[in-house]
Amino acid sequence: MKLRGLYAITDSQLLSGKFLSYVEAALDGGVTLLQYRDKTSDESRRLREATELLKLCERYKTRLIINDDAELAARLGVGVHLGQTDGSLPDARALLGHKAIVGATCHGSLELAEQAKADGATYVAFGRFFNSLTKPGAPAVPLDLIAQVRARVHLPIAVIGGITLENAPQLVEHGADLLAVVHGLFGAENAQEVTRRAKAFMALL
């Protein structure tokens with residue numbers, strides 16, 4: 001599957017009070033994938049918000065991905081992104097079917113990426129590459145890993161961790177396909193700035 005562009009990831013705290021307006025602003029600017037990331041245990045709210053996001057994604061012809069919850073993804077008929085401790089990738093693939101997008105966190109490990117491909121991943125994700133507000137304690141990943149993955153794994157490569165419009169070009173130059181961005185997109189002062197940033201990220205790819 002060809003996946004290339006901006007991979008917008010929601011943050012419920014960052015988007016408090018402006019959740020749908022900022023997400024729609026990003027979609028208006030252009031988003032390849034939108035990931036709903038909510039680590040709380042409020043299942044009813046998560047279902048409601050994910051359903052609202054799916055409606056927006058359908059309007060803008062963007063693919064929705066659910067973070068760490070294959071059952072919610074199956075309920076909505078969308079894709080899922082799994083961390084290394086968030087359940088079995090083969091089980092998620094079996095649950096969601098062969099057409100669904102199933103992404104895998106690989107941190108900084110080429111071996112994890114090779115295993116993810118064998119297990120049926122659609123794309124592999126690496127990071128953090130820069131200082132990250134979302135995962136401040138995560139170990140840094142060297143830029144040259146991207147080229148190694150491209151040579152060995154042959155799946156779309158998502159990169160995450162402190163990505164901004166200023167540092168994103170070097171990730172693209174090293175071979176990244178998907179720029180996974182949280183604060184660098186949604187940390188804007190207003191919705192118009194979110195749209196501007198989304199357009200600018202998409203222009204890099």
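Glycine residues also receive a Cβ, built from the backbone N, Cα and C atoms like all the rest.
For the 4-amino-2-methyl-5-(diphosphooxymethyl)pyrimidine site, Swiss-Prot records Gln35, Tyr36, Arg37, Asp38, Lys39, Asn67, Lys135, and the single candidate of Thr105, Thr164 listed with them is Thr105.
Annotated pair Thr105 (4-amino-2-methyl-5-(diphosphooxymethyl)pyrimidine binding site) and Asp86 (Mg(2+) binding site), C-alpha to C-alpha distance, rounded: 10 Å. With respect to their backbone Cα atoms, Gln35 (4-amino-2-methyl-5-(diphosphooxymethyl)pyrimidine binding site) and Asp68 (Mg(2+) binding site) stand 10 Å from each other. Annotated pair Asp68 (Mg(2+) binding site) and Lys135 (4-amino-2-methyl-5-(diphosphooxymethyl)pyrimidine binding site), C-alpha to C-alpha distance, rounded: 16 Å.
Taking the Cα atom of each, Arg37 (4-amino-2-methyl-5-(diphosphooxymethyl)pyrimidine binding site) and Asp86 (Mg(2+) binding site) are about 13 angstrom apart. Using CA atoms as reference points, the binding-site residues Tyr36, Lys39, Asn67, Lys135 were checked against Asp86 (Mg(2+) binding site), and the closest is Asn67.
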